[in-house]
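Annotated features, as they stand in Swiss-Prot:
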| type | residues | note |
| --- | --- | --- |
| REPEAT | 1-171 | repeat 'IV' |
| TRANSMEM | 1-11 | transmembrane segment |
| TOPO_DOM | 12-18 | topological domain 'Extracellular' |
| TRANSMEM | 19-37 | transmembrane segment |
| TOPO_DOM | 38-56 | topological domain 'Cytoplasmic' |
| TRANSMEM | 57-76 | transmembrane segment |
| TOPO_DOM | 77-143 | topological domain 'Extracellular' |
| SITE | GLU117 | site 'Calcium ion selectivity and permeability' |
| TRANSMEM | 144-168 | transmembrane segment |
Amino acid sequence: FVTVLGSITDILVTEFGNNFINLSFLRLFRAARLIKLLRQGYTIRILLWTFVQSFKALPYVCLLIAMLFFIYAIIGMQVFGNIGIEEEDDESAITQHNNFRTFFQALMLLFRSATGEAWHEIMLSCLSGKPCDENSGIKEDECGNEFAYFYFVSFIFLCSFLMLNLFVAVI
């Protein structure tokens, strides 16, 4: 009864515009109607309880995803971290902000790849035949690696198919 009375008062104050006092707290009664509805519906309560219980396993799935990103970022830094960045080359997906030089940049590149944004272009930019960075101290001419095929395809497979399905299955 109090919920309905508070909601009606809020609607009347809003409609007639007598805002001489700030009565915005009355909008809480609208939310109270939803809580009252949830108490009455048995099936809605069961559904919400199941949803809340699924949050217990969610941190473990998030930890597994974080471990996958961590491992792939470290491997990417070791294998592809010395690829040179060419300012004038528009075809290369390895840029100043999109590379494996630091751990944070590697994580950002992997997150970008996990979302599906041009991961194949990044993979092709990490293949052999790419020049090394002058500041890396490496005397070799090429810093790319054919390992990029396995690296990116396995990462996309694990992220897109296994982890995403595991995340959705928990929820």
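In case you wondered, yes, glycine gets a Cβ from its N, Cα and C as well.
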Other CB atoms within 10 A, centred on GLU117 (site 'Calcium ion selectivity and permeability'): 11
Helix-strand-coil residue split for the topological domain 'Extracellular' (77-143), DSSP-based: 26 helix, 4 strand, 37 coil
Overall pLDDT for the topological domain 'Cytoplasmic' (38-56), taken as the rounded mean: 76
Number of helical, extended and coil residues in the topological domain 'Cytoplasmic' (38-56), per DSSP: 16 helix, 0 strand, 3 coil
